[in-house]
Each structure stands twice: as C-alpha cells, then as structure tokens.
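Chemist: Take this structure first; my questions come after.
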C-alpha cells in the first residue's frame, strides 16, 4: 500500500463465489491468519472486518461469504444476504474471480456487482499458474465487457503475487478521512468469535468428503487464568451420525481437531491455550431462524 500525504480511510468489500480465494487474499494482505480457509465451499459464513493501517492509509476489508445458488435453508439465505449487504455503503469492491473458470455462481455475483456505483476492482486469482499470459486475454476481455469501468489486477491470493499493486490501487480509491480504528486493531470481531471459527476450520479440514455442513461452534467459556487461556467450545451438529463422524474412532478425530485448533489459537492469542471440545446434536438448527439468531447469525 503506497503512502500518501492525505489521510485516507474506507471500507473495501471482498466478494466472489465460494472457494475462490477471498479469505486467503484477506489473510495475505493482513500478513497474518484472521479469516478461516479450507478447500470446501461456504467456509466463510459471516462478514468480518480485517483492518490494515499503513502510514496515512487505513483500509477496512470486509471478508464475505461466497454467494451461492443452493439457498433453500435459512443458513444459506443468511449467507447470501450477508454477502449482498456488503456491497452497500462501501468505498471499493474487489470482485475475486478464477483465472479461467466461470460458474453460475460467478454470474450471480457479477449481476450484483454490476449495480455498484463506486470503484470496482476485478482481482483475477491464480494467474501465477499460467505460463503463457496471452491465454488469459479472451477471459479478461469478456470480463472487461461485463464491467467496463472496472480495473483488472491479476493476482495470486495464496502466494501474494501482485498484491502490492492491488493495495496501491485500493488506496487510490479510498476517500480522505480520519482513521476509524486504532492503528494496532486488525479486526472488529471478538476473540471468542475467532476461537469458534478456528475450531470450525479444523473440522472442515479434517473431515473432507465426510464433512457435515450442518455444523456450527459456540464458545461457552473463554477465560484467562494466569498464563493459560481456558476455552470450552461446543460443536453443534444436526444428526447423531454427524456427531460420530466428528468424534471419530475412540475419539481420535476430535482430538486432532482440538490439537490443530489449539496450536493456531496459541499463535493468534499469544498465550498457552487449554481447549476442551464437546459435540451436541441440535436437530434442524441450520434451517431454524430463531436458532440461527441465538447462535449469532443475525437477521435473516
């Protein structure tokens, strides 16, 4: 991000279909892991702010759930509504797309981005994997035709390729404003929220094809005692079969989930962590609007 003489601050929405690299991009820009990632679609469920202050420029990134077509359940409707809402009242929109692949869900996002009045940046992800860059041209020309006023920046969210150019362009679009957050603040989310997300990430990474998407995590206790942070997390599933999958044979899987989550928590919170996990069946929670609100999913 380039330094400027003017003090600038604004909101930047990162949007795109599921699993296109939005959270990976945010983590790389921030220089640390904040948003959870996995190879599974719909990993991100909530909007989350990632705040980067560099010199006179403060960019407030809004990491959003991927917009998707399978929106029958209340949870899916919440995620789509949350992602769409992020396009309103922001100063810049980054639309992340794959270098070659275009899906119905990309089209769904495009149709919403076309109504955005402010600056739009098309971030073409994974371009570092293409040897002959001329292969990109037909796709880029088509995208430019769909969003004629958008800037196009080829990037690699995973490896950080060309992110300096992306951040410089973002900074140029931010309005002159005093900073909204302290210089050392990196997110608006609580430590309890981040802990729950880390547990959910490890579940998604451990389970692979067995993954039950009807899972969520609640933090029941988050308490610093001396040099140790004690965290009790409740994993909610919808069926007994899902509970058995998460626990695994003789509890081996839930032990791995806990061990992996604890390591990341100790880095994030800079503290020794004692993590306890429980699994509970709560049938139909992902399609129960009242249950979703009680679990922190907001208005539907």
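Just so you know, glycine gets a Cβ as well, placed from its N, Cα and C.
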Chemist: Quick check on the annotations: Swiss-Prot lists region 'G4' for one of 117-120, 121-124, 125-128. Which range is it?
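Modeler: Here Swiss-Prot associates region 'G4' with the stretch 125-128.
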Chemist: Could you tell me how many residues in the region 'G4' (125-128) are helical, how many are strand and how many are coil under DSSP?
Modeler: 2 helix, 1 strand, 1 coil
Chemist: So, by DSSP, how many helix, strand and coil residues make up the region 'G1' (16-23)?
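Modeler: In the region 'G1' (16-23), the DSSP-based counts are 2 helix, 0 strand, 6 coil.
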Chemist: With every protein chain in view, what's the tally of Cβ atoms within 10 Å of the Cβ of residue 22 (GTP binding site), excluding that atom itself?
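Modeler: A 10 Å sphere around the Cβ of residue 22 (GTP binding site) contains 31 other Cβ atoms.
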Chemist: So which residues does the region 'G4' (125-128) touch in its own chain, when a touch means Cβ under 8 Å and the partner is 6 or more beyond its ends?
Modeler: 20-21, 25, 96-99, 136, 154-159, 161-162
